[in-house]
Structures are given as C-alpha cells and as structure tokens.
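Shown next, in structure tokens, is the structure this report addresses.
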Protein chains: 2
Amino acid sequence: MALQPTLAVVGATGSVGTVMLELLSSRRNVWGEIRLIASSRSAGKQLTCRGEQLTVAELTPEAFDGVDVAMFDVPDEVSLQWAPIVAARGVIVVDNSAAFRMDPEVPLVVPEVNREAVQYRPRNIIANANCTVMAMIMAIAPLHHEYGLRELVLASYQAASGAGQFGVDTLHDQLSKVAGDRMLGSRPGNVRQAVGDDLGPFPAPLALNVVPWSGALEPLGWSSEELKLRSESRKILALPALKVSATCVRVPVVTGHSIAVHAVFGSEVDAEGARQVLRNAPGVILVDDPESGEFPMPIDAVGTDPSWVGRIRRAMDDPRALDLFVTGDNRRKGAALNTVQIAELVAAELAR
Amino acid sequence: MALQPTLAVVGATGSVGTVMLELLSSRRNVWGEIRLIASSRSAGKQLTCRGEQLTVAELTPEAFDGVDVAMFDVPDEVSLQWAPIVAARGVIVVDNSAAFRMDPEVPLVVPEVNREAVQYRPRNIIANANCTVMAMIMAIAPLHHEYGLRELVLASYQAASGAGQFGVDTLHDQLSKVAGDRMLGSRPGNVRQAVGDDLGPFPAPLALNVVPWSGALEPLGWSSEELKLRSESRKILALPALKVSATCVRVPVVTGHSIAVHAVFGSEVDAEGARQVLRNAPGVILVDDPESGEFPMPIDAVGTDPSWVGRIRRAMDDPRALDLFVTGDNRRKGAALNTVQIAELVAAELAR
C-alpha cells in the first residue's frame, strides 16, 4: 500500500456518484490514486475529480487490483453480487445499498454516532445507512445519549432525488406540464390527466401531490422504506428493542428529505435542554425560531452537509416526549457524504 | 318561518363560500330563500346558486331579518364580532371560523361523529371544525368507537388552499417561476432566488419545498394549527384527556389536506378489522391496496366529499396502535360541506 490509499468509486456516473466526486474534490484529500468504475454502459466516459480528468473503467474483478478502499453506489442486486467479490480481494468495501445493512457481520456506520463500529468488519464490508434514516438519526442520537430513547413515531417528506436522477427528471417534466394551468389540482383527476403516463419511478403523479409510498411492498402493508427506518435505527443506535412506527411519503421536492419526529424517552425532557444538546451536536444545525420564519426546509438544506433540526417542542401530554422536524440533503449526508466519511475513517486507520 | 327555512351565506364570495354555493346547488334542497352576504367590498356582486342569479348584500344586522340559519365563512375576528349580533336576532349561526370552537356553550359538530351535540347551543352558535382535524377525525372516530382511542401522533401535509385563494394563487405563481429550470432545488437558496419575495400567506417559498409551519405562533413553540388538532379532537370525540402531538407542515399541493396518523388505542387492534370498520363508516372511502398503487392522495380526493383512508398497518411494536394515512378536501368536508351538513341538521329540526 502506498502512503495514501487507493480509492475506487463504483457507480461513479450515477446521481450519488456525481456528488461523491464533488466531495472528493472539495474535502481535505486523504487518497492516493482515485479510480472510477461503473457498468459497461458507462465505461470509457471522462469525469473530473480533484481537478483531474479520469476515464471510467468497467466493473470487473481486475479493476480493483491495487485498490485499498471501494465506495459502492449501485443497485442492491449489483452490490449483493459484487461487494463480496471485491471484498474477497482484500478491498474494504463501503456500500451505500441496502444489501448488507442488516447483516450482523457488516457494521452500519454513521461516523458522528457510532464510528467505533467501523472496526468490526469480518466481511470487509461496511454499510452506509438509508438516506431518510440518516437525516433523522443525526438529531436523535445526541438526544438519545442525553435522555435515553424508547420510541420513535416518524412521518417522512421525501424528495424526488431519493429515487435517483430519473426521479428528479420526472418531477421536473411533470412540473413543466402542470405549471401555468391555474385550474389544476382543484378537480379530481385533472392532475393525473395533465401528467399522463410519465410517472417515472413513482406509483402516481408527484407534481401537486403527495404520494404515501416509497420503496417495495413488504408483509402486512409496510413499505421497505418504513421498515428500514425501524431496523436501521435500531442497529445504528444499538437499541434492538426500540419501538419505531414510520409512514413514508414522497413530496414534490427535488432534494432534501424531511421527517416529522415524535420521540419518547426514558426520562423527562425539556425543549431548551434539547436545543442545547443539538447546538453542540456534530453534523447538526439548529434552526428553531418560528417567529422569524426559521425552521428546517429542503430548499435551504439542499447542498449542505448537516442535518437541519428545528420545531423542537415538548409534547403537551407527555413530559418524556419531544416533537421536532428534521431536513437533510439525501444525496450528501444521506448517501455520498456519509460514505465518504466512512471511507476516510478507514483511510486514517490504514495510514496508522 | 316558512315551511322551508331561509338561509344566509356570509362570506359568499370567498374561496370556501364559492364551494358552499356549489354544494347548495347540487345537494337535495331543504332551503326556502337563500341570501348571500359579504363585506361592503363585495356587496352588489352577482352570484349563481341553485340556478338563480343572486345579488350579494352587505353585512349589516338588518340583512338577517327573516333569516333562520346563517352559515359564516369569514375571518375569526369578523365571526367574533358578527356571529353574536346575528345569533341575538334569533338566527342559528353555523360558523366555520376558529372563534367559538372551544367555547363550552358552542357545540363543535361533525355530523357523522357527534350529530347529537348540535342540540345544545345556548348561544345560538354551532362551530365547524378545523379543516385538518376534519379529514383525520372522520377516520379516527369509527376506530375510536371500536377500540377506544388513547393517543394520537399526527404529521400533516397541508395544501395551499388551506390559506384561501391567496394561497392557491401564490402556489401557482411560484410554480410558473420554477418550472422549466431543471437546476432549481439542487443548490441551497436557488428556489428562494427564483421565487423572490412573493411568498403570499406563507412564511417561505412553497414550490419545490415543504414548510413546517401553519397558523400563528403559540406558547412553547407550537403553531395554532397544531394546538387545534389537539383541542378540537378532544372536544369532538368527548375525550378531554386524549393525548395528542401534532406537527403541521404545508406542502405544494393545491387542495387536499393529508395526515399521517399514529393512533394508540385501549385495546388490541388488527389492520383487517380496522379496514372493515372503515368500509362501513359514513363519509369515509377506503383506498388501501399499495400493490395496485391505491392509497389516499390529494389529486384524487380533491373535489370529493369523503375522507380517503388507507396505508392501514398495525404498529410492529405495539399491538394497540395503528398507523394510517388520510386525505380529505379541505374546502369541502374540511369547510363548506360540513358547514352545509350542520345547517341541514338544523333545517330538519326546524321543519319538525
């Protein structure tokens, strides 16, 4: 290994991969060579990273010769197939898919919350958390350490880019179709007519609508996204009995997942105490002054690193419960940034 | 009094008033004369109701001579001043403002839930519930009767028209400004720049955003809308100790308020039993087949009478809790329709 480890970015041409390259270009550099890898469809493309022009290589086992750390942002089934192949070659894989998150031999890491978990990785794979979990857990973890978390009731407001660039393009296409017709949204079905069949990755029109569905259908009517909020929160916080109920909803926002959180703790809470905890929490920005119009919103959080937290209130009927609202950039901390942060933890370890 | 009572519509030219006139024109007629009343600014306007051309009269005490029932849709402060004046003249006032809802001598009525409450009205005033409360309570009341409600955790997805026609116009104006620019929503502040200062009745841009605020600032960081969800639910369901936590959020939807509901009951629940209760509930339509893309959404619920309910799941970690999603037309059942229904209850009583 060189003094600075070699990094591979797998899925470099995708929506999150693009943000990974931006982050690698703007953060303090810890890497020697950076190698870009993607499917055969994208191989040969030229991309810029750290001011260098790089050619995308095709995803083959040999492409990882000499690589120390690989960040994967590819569909679950591609990770499921390729991460073990790459890990078996001695590469430490940081994977942003859902394929390995619940594997007991794969740590699920949010550096501000459980950075120590990165060290136990018998499969040479480290998982990155779901983008909706991420925004929320950044605010909840420091509150848990102060008050002892018992239960979460969550409702999400998820952006189109959670479904990739196809989701973003679909939302923009639909907005162009509905803008300018002032009668749309006032009669049943007229938005459906205007939007037509171009639903993209969504089960219904997203423009002028909210769609209470995200992910795949799981047993008992749950969506996969809702179950991830439960299982991943439990794993990251090391609270296997945490009670979690979530309803996941897609909204016509480009980027920035928001979550309305009702959190019940083991001890009494107070709103000002919670604000003080969050003011001191890493990766969190407190925006909580409704009188001045300050609350967390996607149009402000997009393109920034932290989770934006506000609307902090102690529940009227439960001195142990807090209500709050969180927004985070689902492509940055929710995906690319956290993956890069984990990879940097590994780089620091390798450099020792 | 004539065989058919005389009705006055106060605020006839407003956003909700317009829906009232549509409903009076399409429902089985129980009214003799219908009189339209508004502020001096709108007096003299011609409007159509039941196929008749009517001239809007100015709001004066004498305008109510011979009137039996008056439906008010005006700002709180106008109701506060005028409803008692009109009621003192023997007119039964059905008021859609928040001015009297929590007055113990004013019943707060949702006919499908507590129609008997209409009879105790010592002030001659009957109040109509808040539009967000309405969509939710239609689904929750029948479940309460089956399982015994203890607690609600609510997150709302509220449409622009909840802030009146000014809200709708503002959303359409903003959509026209942001549509067509595919970079908007991907960088911090660029939606704010595109929208400019035309925020209308909202504290922040609504297009491509969600705004976790609705109503006025109340103590301890709560919004008035959030506190209404608590106090009005308690009053309508006659559950003064009901635990309620709500976070109210405005979304870029024209009409149709949605609510993610986590409801905890006194006895064990099951999702299929809850679906059966809701199939038989008046004023409710069950849309709960995620596999076929069937869930409640504003683009389908707008312009219809019932509350659309779906995404019904028993909580994974609490056999006494249900998670569900509700959407209702905030201008119809959430405002005009319920007011008309209450007025019709009074008309039936007067006809006996």
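Using the three backbone atoms N, Cα and C, a Cβ is placed for every residue, glycine included.
Because TrEMBL annotations are produced automatically, they should be read as predictions rather than curated entries.
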Given that TrEMBL lists B:THR13, B:GLY14, B:SER15, B:VAL16, B:ARG41, B:SER42, B:SER161, B:GLY162 as binding NADP(+), which residue among B:ASN330, B:ASN338 does it place in the same site? B:ASN330
B:ARG41, B:ARG101, B:ARG250, B:HIS257 as recorded positions, winner by CB count within 10 A: B:HIS257
Among B:THR13, B:GLY14, B:SER15, B:VAL16, B:ARG41, B:SER42, B:SER161, B:GLY162, B:ASN330, the annotated NADP(+) contacts, find the widest CA pair distance and round it to a whole Å. 26
By Cα geometry, the one of the recorded positions (B:ARG101, B:CYS131, B:GLN158, B:ARG250, B:HIS257) nearest B:THR13 (NADP(+) binding site) is B:CYS131
Are there any residues in the same chain, six or more apart in sequence, whose C-beta is under 8 angstroms from the C-beta of B:SER15 (NADP(+) binding site), and if so which? B:SER161, B:GLY164, B:GLN165, B:VAL168, B:ARG331
Quick one: average pLDDT across the domain 'Semialdehyde dehydrogenase NAD-binding' (B:6-121), no decimals. 96
Can you tell me the CA-to-CA distance separating B:ARG101 (phosphate binding site) and B:ARG41 (NADP(+) binding site), as a whole number of Å? 27
Here the Cα-Cα span from B:ARG250 (substrate binding site) to B:ASN330 (NADP(+) binding site), rounded to a whole number of angstrom, reaches 13
Hey, how far is B:CYS131 (active site, acyl-thioester intermediate) from B:ARG41 (NADP(+) binding site), Cα to Cα, in Å? 26
Spatial neighbours of B:GLN158 (substrate binding site) that are distant in sequence (at least 6 apart) but have CB under 8 A: B:THR132, B:SER214, B:GLU225, B:CYS248, B:VAL249, B:ARG250, B:VAL251, B:VAL253, B:HIS257, B:SER258, B:ASN330
